[in-house]
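Scroll down for the structure; my scribbles are underneath it.
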Amino acid sequence: MPHPDGDLDRRIELLTAQIIAARKAYYQENTSLMSDVEYDALEHELKDAEHAKGFSDRNSPSLTVGIAAQLNLFEPVKHIEPMLSLDNVFSLDQLHSWYEKTKKICPEGDQCTFVCELKIDGVGVSLRYANGYLISAATRGDGAIGEDITQNMLYVPSIPPRIALPGIFEIRGEAFIKRDEFDRINQLSLERSKQFANPRNFVSGCIRTKTPNMRYLESISFYAHGFTQVYGYTSGGMNLHSDITASGGVKTEIEHGMFSAYSRLSECKIPVNSYNRLCTNFSEIESYIENIRLNRQCVPYAIDGIVVKIDSLQKQALLGSTTKAPRWAVAYKFPSESTVTRLLDIEVSVGRTGRVTPYAVLQPIQLDGSEVSRATLHNQKVIGDKDLLIGDYVRIRKAGDIVPEVLCALPEKRDGSEVLFKMPSLCPSCGAELMPSKLGDIDLRCPNMQSCLVQLAGRLEYIGSRGVLDIAYLAEENAYALSHLRKFGKSAEVQLFKITIDDLVALEFMYKGNMRSPFRKKGDSFPGFEEPTKSAQDMVDSIERAKRSPLWKFLLALNIRHIGPASAKALADHFGSIESIINAKIDELLKVRSLGETIAISVHDWFRDPWRVELVNTWRSDGALFGH
C-alpha cells in the first residue's frame with residue numbers, strides 16, 4: 001500500500017536524520033549507535049523510500065559518503081579523486097546478479113576477471129606520496145575532503161615513509177589492528193583500569209587525535225586496496241600512471257589490472273593483503289567466499305565480508321562511479337553467525353544518566369571465537385516484542401561481529417517453567433522510584449541523579465575516559481571506589497579536583513567479592529604510613545592536567561544528557577565560555593549549528609539544577625579552567 005506523500009516525506013526525513021547521526025558517531029566520535037546490519041537496513045529503506053517518491057536530494061545519505069571532516073580539529077586534505085564507499089549485497093544471489101550485469105562490459109570472447117579481497121573492519125585512510133615521499137595521510141571525511149592525520153600515521157610501522165614511485169600518488173587502504181594486538185593492549189589497559197570497546201573504535205580513536213600515543217599507533221597495521229594519481233591512466237578512482245615502470249625502481253612490467261598492480265605496490269614495500277585472489281568466473285568467487293567463511297576465525301583481524309572488483313583498470317574506467325560508490329566493485333556482507341543458548345535470567349543495570357537497561361544473562365556459549373554470557377535487551381518493549389521469557393532457549397548473534405544480540409525466543413522448546421520478566425519499579429542501586437523522563441518515553445530512569453551511587457560511579461568513569469578528561473586509572477573499579485569515598489560522601493564528582501594522594505592511599509573497598517586497595521604499595525608498612533603506588537601519583541598528575549582541558553571536553557565531563565563530542569564542540573565554538581552557556585536561553589541555544597530542540601532543552605535544563613551549578617562552581621574554584 002503506497003505511503004501518503006506526507007508520511008513518505010516524514011519517513012525520509014527520519015531515516016536521513018538516523019543515518020547522519022550514525023555516521024557522525026562512527027566517523028567522528030569513534031563509536032557505533034547501531035549494528036552494521038541495522039545501519040545497512042536504514043540505508044536500504046531510505047533508497048526504497050526515495051525511489052517511491054521519485055526524487056533524491058543531492059545531499060541525501062543515499063548519494064553521499066561518510067560525514068564532513070571536523071575542520072575545527074584537523075587541517076583539511078582534498079582528495080585527488082573522491083574517496084568513495086561501496087555498495088553492499090547480502091546474498092550470493094544478489095552478488096551473482098551484480099556479477100552478470102558487470103561482466104557485460106567485456107567483449108564477446110574476452111575473459112572478464114575479478115579480484116576478491118577481505119573486507120577488513122577498520123578505518124579508511126588515504127596516503128599521498130610526492131616523488132616517493134609521504135607528504136600527507138587523511139581520513140575519508142565526506143569523500144571529497146578528509147582530515148589531516150599525517151603526524152599520527154607516521155608512527156604506523158607498515159606505512160613506508162618512501163616508495164619507489166614517481167609523481168604524486170595516492171594509496172587508499174585500511175588501518176586496522178590484529179586481534180592478538182588488540183587483546184594485548186586491552187590486557188595492559190586492564191592493569192591501568194582502562195579498556196577499549198572494540199578494535200575498529202580503538203583504531204579510529206588512535207589516528208584521529210591531537211595527542212597521539214606512540215605505543216598504540218605502533219600496534220596498528222595497514223593494507224592498501226586502491227590507488228590514484230594526479231595524471232596518467234585513469235580508471236574510475238583507481239589510477240595508474242603509464243610511465244611508472246619506465247621511471248625505474250622496480251623492474252617488473254605492470255599491466256593495467258588491479259591484481260598485477262597490487263604486486264607492484266607490494267614490491268614498493270606498500271603492504272598488500274596476501275588473501276587477495278584473482279577469479280576468472282563466478283564459481284571461483286563463490287568458492288573463495290565459502291573458504292573464507294569457513295576459516296574466518298583463522299584470519300587474524302576482524303572482517304565483515306568480501307569485496308569483489310573487476311580486475312581491468314580500463315573496464316573500471318568504462319563502468320565509472322555514482323556519487324557514492326564505484327560500479328565496478330561491490331561488498332558482499334557476511335550474514336551474522338548465530339547460535340542457540342539458554343536465557344538464564346534478565347537483570348537490569350543503571351547507566352550514568354540514570355537510564356535503566358535490562359540485559360540477558362545467558363548460559364555461556366562460544367560464538368565467533370569468544371565466550372558470550374550477556375547481551376543487552378535495551379528496554380521492556382524489546383523484551384515484549386521478542387516474546388522473551390526467563391528460561392527460554394534463545395537464538396543469539398554478534399551484531400557487527402562485536403556486540404552480542406538476542407534475536408528471538410524459541411517457543412517450541414518451552415516446557416512451562418519459563419517466567420515472565422517485569423521491569424523493577426525501584427532503582428536497584430538507591431531505591432528511588434523509576435519513571436520515564438517524559439510522557440511517552442519507553443525507557444525508565446532513576447531520577448536520583450545526585451545521590452545514586454551507581455550513576456555517580458558511571459559519571460566518574462566517563463569523566464576519566466580518553467575522549468573526555470583522560471584521567472589515568474579512573475575506570476570502572478576505581479570510579480566505583482571514589483563514589484564510596486567516605487571523605488566526600490556522595491559528592492566525589494563535585495570534589496574531583498580536590499583528590500589527593502593521601503585520599504587514594506586510604507581507599508580500601510570490596511569489589512566483586514575481593515578487598516581492594518589499588519593505590520597502596522603491598523608489603524610491610526605501619527598503619528597510617530602506607531606508601532602510595534606510582535599509579536596514585538599518575539592519577540593525581542592527570543587530574544591536575546585535566547584542569548587545562550578545552551571547554552568542549554568539560555561540557556562532556558558534565559554528563560549532560562544527549563551531549564556528545566560533536567554537539568559539545570559546537571556549543572564551545574558558538575558561545576566561547578561556560579558562563580555564556582549557563583546563561584543561554586533555549587532560543588539562543590537553538591541558534592547553535594547542528595543543535596536540535598531536544599539537545600537545547602537538555603542543556604538549558606541541566607544548568608537550572610542548583611547542585612549542577614554547584615558542581616561547575618566548585619570545579620572552577622578548585623582550578624578547572626573550562627578552556628580559558
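Glycine residues also receive a Cβ, built from the backbone N, Cα and C atoms like all the rest.
From a predicted model like this one, the values you see are computed outputs, not experimental measurements.
These features come from Swiss-Prot:
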type	residues	note
ACT_SITE	K119	active site, N6-AMP-lysine intermediate
BINDING	D36, V37, E38, Y39, D40, S85, L86, E117, R140, E174, K309, K333	NAD(+) binding site
BINDING	C427, C430, C446, C452	Zn(2+) binding site
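All features noted in Swiss-Prot, drawn onto the structure.
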| residue | record | Cβ within 10 Å |
| --- | --- | --- |
| D40 | NAD(+) binding site | 15 |
| L86 | NAD(+) binding site | 19 |
| K119 | active site, N6-AMP-lysine intermediate | 21 |
| R140 | NAD(+) binding site | 24 |
| K309 | NAD(+) binding site | 23 |
| C427 | Zn(2+) binding site | 22 |
| C430 | Zn(2+) binding site | 17 |
| C446 | Zn(2+) binding site | 25 |
| C452 | Zn(2+) binding site | 24 |
If you measure from the Cα of C452 (Zn(2+) binding site), which of the recorded positions D40, K119, R140, K309 is the nearest?
D40
Roughly how many angstrom lie between the C-alpha atoms of K309 (NAD(+) binding site) and C427 (Zn(2+) binding site)?
54
Of D40, L86, R140, which is closest to the residue listed as 'active site, N6-AMP-lysine intermediate' if I measure between C-alpha atoms? They're all binding-site residues.
L86
Taking just the CA atoms, what is the gap between R140 (NAD(+) binding site) and C446 (Zn(2+) binding site) in Å?
40
By CA-CA distance, flag whichever of C427, C430, C446 among the binding-site residues is nearest to D40 (NAD(+) binding site).
C446
Rounded Cα-Cα span from C446 (Zn(2+) binding site) to L86 (NAD(+) binding site), Å:
43
For the Zn(2+) site built from C427, C430, C446, C452, further residues of that chain with CB within 8 A of the site's CB center:
V350, G354, P428, S429, G431, A432, P447, N448, S451, V454, Q455
